[in-house]
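See below for the structure under consideration.
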There are 2 protein chains.
Amino acid sequence: MRIVLATRNAGKIAELRRILDFDIVGLEAFPEIGDVKETGLTFAANALLKAHAVAQQSGLPAVADDSGLCVDALNGMPGIFSARWSGRHGDDQANLDLLLAQISDVPAEHRGGAFVCAAALALPDGQERVVEGVLRGTVISEPRGSGGFGYDPVFVPEGSERTTAELTAAEKDAISHRGLAFRALVPVVREVLT
Amino acid sequence: MRIVLATRNAGKIAELRRILDFDIVGLEAFPEIGDVKETGLTFAANALLKAHAVAQQSGLPAVADDSGLCVDALNGMPGIFSARWSGRHGDDQANLDLLLAQISDVPAEHRGGAFVCAAALALPDGQERVVEGVLRGTVISEPRGSGGFGYDPVFVPEGSERTTAELTAAEKDAISHRGLAFRALVPVVREVLT
């Protein structure tokens, strides 16, 4: 069974291929499908918006994810706005710099947070499923590490002394919010599609 | 009875003098008192931190306030970080521009929010009281009006068609979060101090 993953990010496609033994194709196979506006108010809503749009336009089952960093002292923000927190979508450095400046006075014991990922499956007939993965941790004030992307250099998962930017890809996959969500989606996809 | 208002903002001092018939002095009368770090996680905690610090150092009853804009779509943020949302404390224009950029995709029906103000009284002997005032409204996308400060140009109170930056000072006092909180504090101050 062929499934479209609603992303042009090669890393995400490879990750989903590693854990789901279906024929995964990315959006690059569907150049006619444009970007979907993420107007939802939750990760799950945005993941479903994207999955439905791609399922409708491709005529194939579609998987999409939406994820971000939820900082306790910011009431769970940047959350769904993580990738555009500074107002400039995808500017990782500006987003990270802004977050650190905002919580610069927040003491270490109140710098908890979580990476959250919603992974959604939508079928051309309108069926949908959505699951979430959560990785709790702490936001540190000095970035460390060069792996990953986004807020990885300032996020230390619970039980770790390294930031998610200091983990190998395999170590990160094993505990990450996206790994958790994609793995939780596997039995759901199998049940719906077979 | 003399009361210190923990601010150097002449507008706030004048406002409190209008509604509280005590002898109100501002921090300019106490040049030896430095700035208090706002390390609390709520408006009330920060207002109390400031009031206690000033009461201890001045030896007089002290009133302090902390306030901000809580946007529903941002889970109540900027909240206590309103004055430093862009990472630059007190840069009203940068803070407002950032907020508008962050919620630019949020549709009108989900742009509700509230101005919230906590007003605290602390005595040199450690007694404390705190009250809150809330003004619900909507965050619009195009700033209007030149009155007020902070986020006033993009906030339209419920029941109004004008932004809080388009209201006169008297109109704003009558409905504003700070006016509500200071007026709610009046009977509390009278009870504690007389």
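Every residue gets a Cβ built from N, Cα and C, even glycine.
Curation does not apply to TrEMBL; its annotations are automatic.
Lifted from TrEMBL, the feature list:
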{"type": "BINDING", "residues": "B:Thr7, B:Arg8, B:Asn9, B:Ala10, B:Gly11, B:Lys12, B:Ser67, B:Phe149, B:Gly150, B:Tyr151, B:Asp152, B:Lys172, B:His177, B:Arg178", "note": "substrate binding site"}
{"type": "ACT_SITE", "residues": "B:Asp66", "note": "active site, proton acceptor"}
{"type": "BINDING", "residues": "B:Asp66", "note": "Mg(2+) binding site"}
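According to DSSP, B:Thr7 (substrate binding site) is assigned to coil rather than to any helix or strand. Spanning the listed substrate site, residues B:Thr7, B:Arg8, B:Asn9, B:Ala10, B:Gly11, B:Lys12, B:Ser67, B:Phe149, B:Gly150, B:Tyr151, B:Asp152, B:Lys172, B:His177, B:Arg178 have a farthest Cα to Cα distance of 20 Å. Put plainly, the binding-site residues B:Gly11, B:Gly150 were compared by Cβ crowding within 10 Å, and the winner is B:Gly150. A straight line from the CA of B:Asp152 (substrate binding site) to the CA of B:Asp66 (active site, proton acceptor) spans 16 Å. Under the three-state DSSP scheme, the residue listed as 'active site, proton acceptor' falls in the strand class. Counting in whole angstrom, B:Gly150 (substrate binding site) lies 13 from B:Asp66 (active site, proton acceptor) by their C-alpha atoms. When the recorded positions B:Asp66, B:Asp152 are compared by the number of other CB atoms within 10 angstroms of each CB, B:Asp152 has the fewest.
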